[in-house]
Amino acid sequence: MPLGLKPTCSMCKTNTSSMWKKGSQGEILCNNCSGKSSTAAGGNNNNNSSSSTSGSSSYTGTTFASTSTSQQSNGGNTKQSKQEIHRRSARLRNTKYKATPAAEKKVSTKGKGRRHIFKLKNGLYYQIGDVVSVVDEEDGKTYYAQVRGFIQDQYCEKSAALTWLIPTLSSPKDGFDPSTYIIGPDEDLPRKMECLEFVCHAPSEYFKSRSSPFPTIPTRPEKGFIWTHIGPTPAISIKETMANH
C-alpha cells in the first residue's frame, strides 16, 4: 500500500482499526472483520469433518477388525524387538566386564638409568663431572669447564650445562692440571656437545671440596695419615716443617 493512504476494510468499509490484516484472496480486513472471517472458515471445516466421519462410518466391521489385528501384531513385534535389543546389550555389557585385563609390561630400569647418567657422543660416554675444553672463536684460546648436567631436545640434539673452571698462576699453559684450577661461575645456557672436547673424567664434587687440594701445614699433630703431593710441583716436606716447630 502506498505511503500516506488510509486503508479501507473491504467488508465494513471502515477507515479506523487497531490492526489491519489481509484475507485469503488478498483483500484488506479490519480487526473485527478478520475475526469474523476466521470463525466462518472454522465452521466450514467442522462441517467437512463431520461429513467425512459419517462417510467413514459406512465401512464394514471386517475392515476395523483387520486393522486392529494388524496393530496388535505390530505391537507384539515391537515388544519382541525391544527384548532382543535389551538381551543383546546385556550380552555386550557382560562380555565387556568379563574381558581379561591386558598384561602389564615390565619396565627394565637397567639401561634407562645409564642413559640418564651417560651421554654417548663421538664414540665416547660423557658423564656428569667430566672436564671438557672449549675453544674461543675470537682469540683462539682454550677454556676449561666441568659438565654440570645433560639436556636432550625433541630432535635428539644433545647439550651440556657447564661450570667454568678458573686457572691460577700455577696452571700450565699447554695442558690441563685439575689441581691448579678453581671452580668458577655456572653458565646459564647449555652448549651443544659438538662444541665440546673431552679432557678427562673427574668427580662432580672435586672442585667443590672444602679441603684444599694443595698440601697445607696442619695446626695440630695428626697421626695415621700418609702425606703425598697433589699439585704439579713437589710438595713441601711436612716432616721438616713439623720438626722445626
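Cβ coordinates are placed from backbone N, Cα and C, and glycine is handled just like the others.
Per Swiss-Prot, the range carrying the annotation zinc finger out of 9-33, 109-133, 134-158, 184-208 is 9-33. In the zinc finger (9-33), helix, strand and coil residues by DSSP number 3 helix, 4 strand, 18 coil.
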